[in-house]
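Undergrad: This is the feature table in Swiss-Prot:
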TRANSIT   1-37  transit peptide
MOD_RES   90  N6-acetyllysine
BINDING   107, 108, 109, 241, 242  ATP binding site
BINDING   243, 245  Mg(2+) binding site
DOMAIN    437-483  domain 'PAP-associated'
């Protein structure tokens, strides 16, 4: 989907580099005394430094450790719908009677909400015991005990102050482009884009809390189950405003029921059986969908999409503002998230390049939120990883090389698919490649603008081009389910559009090397120029490139042809366009 309002750049004078910095919105975490919230204010990070500005965003720890820590944190957290005007100090004082508070923040989504993390899980029980079910004269409330509360004031007029809330959405396009035009270099632009689009600490906490609230409901049917987030919410490539993908993990329930042999007796649970795992999945999701629809506070627009290849329940969690997709036992997707988490943590340039390529694709409608023949963000991410594996020296290791570093603890086979790779980041040697982001962005467009898509596939497991196993226009091998093509949906016309835009973008960046605008110029430059809609002069560039290619083709044909038909052929051959290959 194209960036809304991106066309405003053709009319607004946004790119004059200001002497005064653009004012950034306040984004903060409110912490109780003694709590350090060092990594939560985006505006305190230097906009041009990947090394110091973003390294602490990707901790050098295992994915499983991060997941467990976040989940435990979410279990000690409550979500409270608050009045618009509320005294923050009185609010905290009231909640502190139930137990010490670790930290909290406010945000807005169909009202004002507070996310409050207690130091101990037992404090939530105390708060629930002091809470009552609302009653109205006209309607009957369905009693449901959860960690989602509604706070009312007995005296509305006594509170006059407003709390400052954290930002859960990216900046407007105008603000973003002003920041990008102010940057000192293209590298600085890519880093700024990353900082503005990446998930904040607050947003990440809210995502895990939402999963934890859904888990509470699912646990009524399946004790010891876990609702795990996966995809962009956890792989460090998520953008503010992205959907929340989650799956119901029943493996813990199965593990608890593992056979425990005691003498001659073997005890089993009485269960119901169904013909296949797919039918079991459909029945489980059907029940959970009904539960969310009828009893889930804040869950609206529930859709049970049970006949899809991967059955799911889709709903909006109104309180958090997230569009959610719930599946079951999707462990391969979680493993893919872990792999991307590792790649994003290995080199600070990876995420900056991925975010910029995705933004570029969205600005030119190469990607869309609507399913169809478009390239997906996941496919673009795989293409960036593959490109970085192909650099000399490589910036990222291949999946096969990560597999060779794995030990017995890392061994993982899911549904017959080998998903083994090293999980310990400290065992992976950092790259010796020192190329700039500006060079990598330009080389990315040149590489895929000239890639032999008609013959070769993209394979991050081996990090090299391979012959395509079928005739799909774009073939990107699934890293774990290796017989699948993750880009099978992409049409030839969409691929050709990608190639044409990649070539054009490479040319624009090449021109930046020789014709970079002065500080006083108001002309869009660098990354901003790549996000502009095609202008007449840029269309003429594409046409000139096409004509040049056609002229060279005709010239070669003329040399091999004889007779009076040569002249007539010359007049009609100029319409030929650039093919996918060069």
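Note: Cβ is positioned from N, Cα and C throughout, glycine not excepted.
Walk me through the surroundings of each of these features.
TA: A 10 Å cutoff on Cβ-Cβ distances gives residue 90 (N6-acetyllysine) a total of 13 other Cβ atoms nearby, all chains included.
Counting every protein chain shown, the number of other Cβ atoms lying within 10 Å of the Cβ of residue 109 (ATP binding site) is 18.
According to its DSSP assignment, residue 245 (Mg(2+) binding site) is in a strand. Taking the Cβ of residue 245 (Mg(2+) binding site) as centre and 10 Å as the limit, one finds 26 other Cβ atoms among all the protein chains shown.
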Undergrad: Below 8 Å Cβ to Cβ and six or more residues apart, same chain only. Which residues does that give for residue 107 (ATP binding site)?
TA: 113, 115, 165, 166, 167, 168, 202, 206
Undergrad: Please work out the number of neighbouring Cβ atoms within 10 Å of the Cβ of residue 241 (ATP binding site), leaving out its own Cβ.
TA: 14
Undergrad: Of all the recorded positions given, namely 90, 243, 245, which is spatially nearest to residue 109 (ATP binding site) at the Cα level?
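TA: So, of the listed recorded positions, the one sitting closest to residue 109 (ATP binding site) is 243.
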Undergrad: Between residue 245 (Mg(2+) binding site) and residue 108 (ATP binding site), how many Å separate their Cα atoms?
TA: 21
Undergrad: State the mean pLDDT for the domain 'PAP-associated' (437-483).
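TA: Here the mean pLDDT over the domain 'PAP-associated' (437-483) amounts to 96.
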Undergrad: ATP site residues 107, 108, 109, 241, 242: biggest Cα-Cα distance, Å?
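TA: So the binding residues stretch over 17 Å, Cα to Cα.
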Undergrad: Among all the protein chains here, how many other CB atoms are within 10 A of the CB of residue 242 (ATP binding site)?
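TA: Excluding its own Cβ, the number within 10 Å is 19.
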